[in-house]
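Undergrad: Sharing a structure with you now.
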């Protein structure tokens, strides 16, 4: 009996020792795996950390990776692309962010297209009034405007542009509109036509109201080389950049809260991790910087903070409406309605013309975009306007998809612009590196093409070149 008890105790002890041995062995193996696993989640020290997986961030990462730099991208969202956001949930591409390649001539994005098909606008976007010639235009009661009014729509705008070029560059378009209308003695209908034309030329280009814009906004593009027609990418804008992230570690859902560059290396602190790098590239939208969503230690230089404060973020939103059939004019690119209230000017892009999908894209900008984000029910408001034009029997949309760049905490606006009293050199200050460790990229830092995708792309190339030139690690412009 005693022998059986002793044997049982011995077997239990042996079992425990064996169990502890295997636990210890598994722990050692796991630790070894963590040490040798390349780009694993456990790795937190890099040559360069890039904040933001938009076009600028992906471009910089690709260039640095090709130059054998150890890079990591931290992205707050659960997807790549930033403000290039292609959605395929309807069975075809819709772009909730950037839609057009702006100016196909000498545009650096064109060589990246590879086999992607592009569709060109019917007019030259380098000529401000050309788009006005491709409008199905209706008055505030939903009636088609006369042929005479349609001609005035573009001719008055052309005259206004010539007039504004004789005025001070820092007088707002709203002030110039009032002065021009008085000088030409325009009646109420003519004023409404011209004001809506200017909304399309300026407000829907730079994403803010005429009171906030002047000819000064164009000074930011004086060194741009792209021109000509715009282009759509039916397969989706993000297709251009899909391959940029190959072999590059990317941590999604990582919200950067603090950047500490007081020591030799830079500490990047997110809501759940801490990372270290020799260099950090900040590509977050201007709206995020303006809202102080990232705390810098030490504080950024005064000239950098001043640049962030002086530049502005515009508001530009889209509403996609999918119908079971086309009930609008198939051949016109734009549908416009003269608003009863000047601040409620919107326009509609005929997506069917280029994709053969029964889709309308409604654009809101400036104050209207902000108001609609607060009020909600934009689709109901738009359908009310469409029924004034096409009748009460038009169908409800099958599906609706809306952008929310204004309220998105990781964008806080759509894209940047140069305000009335701000010199274009402020953009260079925003782009300027800090302490040889912090680098800034994104469309807002482009000194030739702000507010564009190719501007963001070029800024990504620029910061990669700055870092590689500093480190003397070779040519950053590898294909």
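Every residue, even glycine, has its Cβ placed from backbone N, Cα and C.
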Undergrad: Among 145, 217, 256, which residue does TrEMBL annotate as binding FAD at the site that also has 75, 76?
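TA: Among the candidates, TrEMBL records only 256 at this FAD site.
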Undergrad: Take the domain 'Amine oxidase' (55-468) and average the pLDDT across it for me.
TA: 95
Undergrad: Measuring Cα to Cα, how many angstrom lie between residue 363 (substrate binding site) and residue 76 (FAD binding site)?
TA: 26
Undergrad: When you average the Cβ positions of 75, 76, 256 for the FAD site, which other residues in that chain have a Cβ within 8 Å of that mean position?
TA: 51, 52, 53, 74, 77, 253, 254, 255, 270, 284, 410
Undergrad: Far apart in sequence but close in space: which same-chain residues, 6 or more away, have a Cβ under 8 Å from residue 256 (FAD binding site)?
TA: 51, 74, 76, 268, 269, 270, 284, 294
Undergrad: Inside 10 Å of the Cβ of residue 75 (FAD binding site), count up the other Cβ atoms and send me the figure.
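TA: Summing over all protein chains shown, residue 75 (FAD binding site) has 25 other Cβ atoms within 10 Å.
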Undergrad: Measure the Cβ-based neighbour count of residue 363 (substrate binding site), defined as the other Cβ atoms within 10 Å of its Cβ.
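TA: Around residue 363 (substrate binding site), other Cβ atoms within 10 Å: 21.
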Undergrad: Which whole number of Å gives the largest C-alpha distance between any two of 75, 76, 256, the residues noted as binding FAD?
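TA: Taking every pair of listed residues, the largest Cα separation comes to 8 Å.
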